[in-house]
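For reference, the structure discussed in these notes is given below.
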Amino acid sequence: MEIKQINSTIKSRAAVAFAPNQPLQIVEIDVEMPRKGEVLIRNTHTGVCHTDAFTLSGSDPEGVFPVVLGHEGAGVVVAVGEGVLSVKPGDHVIPLYTAECGECEFCRSGKTNLCVSVRDTQGKGLMPDCTTRFSYQGQPIYHYMGCSTFSEYSVVAEVSLAKINPEANHEQVCLLGCGVTTGIGAVHNTAKVQEGDSVAVFGLGAIGLAVVQGARQAKAGRIIAIDTNPAKFELAKQFGATDCLNPNDYDKPIKDVLLDINKWGIDHTFECIGNVNVMRQALESAHRGWGQSIIIGVAGAGQEISTRPFQLVTGRVWKGSAFGGVKGRSELPQMVEDSMKGDIQLEPFVTHTMPLDKINEAFELMHEGKSIRTVIHY
């Protein structure tokens, strides 16, 4: 749909979270036109991610309601605000929950992808000018992670958009907006896995499976996939896992099982769940002297991690990774190209597709462990 004459607001179908722990409601909201430095996009597809469910549960310390969730999408630019030069109407884009302005201290450092240009307001569910572009029956609706892909139309900061190849399949590349990029990037950018290294992946959701795929790309020697749901093992092996372990099959902690495989531990471990107890096991199963454990999963508000200091004194390293260390505007377009060439597999992640009206079913499938990613289409 093209908007030939831009009015001050347009109508948009959206799945709105009016309160925590309640089903999303499909309603027609008002979306204002983009202001300076902003872009109006029409989302064509969006994945449903565990992070959306985490916020909906009420456990997210930055969760605000009512809100349009969704942060793993792909769409087309409809209109641009004053000063926007990097995209134009008709361009195909992926919204970014991790912006890249290129000008803040973090971007200029070259050491991180954690741009802070819009971070403060984004964490409050607002646009950079501290207002919202969404409303319903005259009441403001908050944005989410700077993306809000559960609305057909959304307004996003220019610095939070990656321009991509218009030939890309949106049903698949939308997953590069979060889960797949997070997992693959953590392997290459955060852990820097080398050929022949051993890898253990705790949790085989989309992110964990993406870690497995990234480890295979890095030519890791042994890739151990760990999950309590053995139904995920077939796909893990398809992505490159050499071993699949179910902790419920053992009468001892999975950490000890891994130390039986190698008494000194695993070169790189990845926690992809958000469970602080698993985070400890992942660290303590890392190789003595040089092993590193990468925390990707997001734990609930107020939860803390712990271990004996001796685990770190003896050479293990604990690291965190956000969006796989990937710089969205400058690096994500190449990942889209890689997926189009088959170097990144995306299709196997999409286990279900459905229209927006059925989005609550997508959350049910996720909670029941019956899906890897459900993609919503508009």
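Here the Cβ of each residue, glycine as well, is placed from N, Cα and C on the backbone.
Counted within 10 Å of its Cβ, the other Cβ atoms near H71 (Zn(2+) 1 binding site) come to 23, all protein chains included. DSSP assigns H71 (Zn(2+) 1 binding site) to coil in the three-state reduction, outside any helix or strand. Swiss-Prot lists C49, H71, C178 with the feature Zn(2+) 1 binding site, giving similarity to another entry as the kind of evidence.
C104 (Zn(2+) 2 binding site): 17 other CB atoms within 10 A of its CB, across all protein chains. Per Swiss-Prot, Zn(2+) 2 binding site is recorded for C101, C104, C107, C115.
Here C107 (Zn(2+) 2 binding site) comes close to E100, C101, C115, S117, K327: these same-chain residues lie at least six apart in sequence, with C-beta atoms under 8 angstroms from its C-beta. On its own chain, C49 (Zn(2+) 1 binding site) has H71, E72, C178, G179, A206, R373 as residues at least 6 apart in sequence with a Cβ closer than 8 Å to its own Cβ. Once Cβ contacts within 10 Å are tallied over all protein chains shown, the binding-site residues C101, C178 are led by C178.
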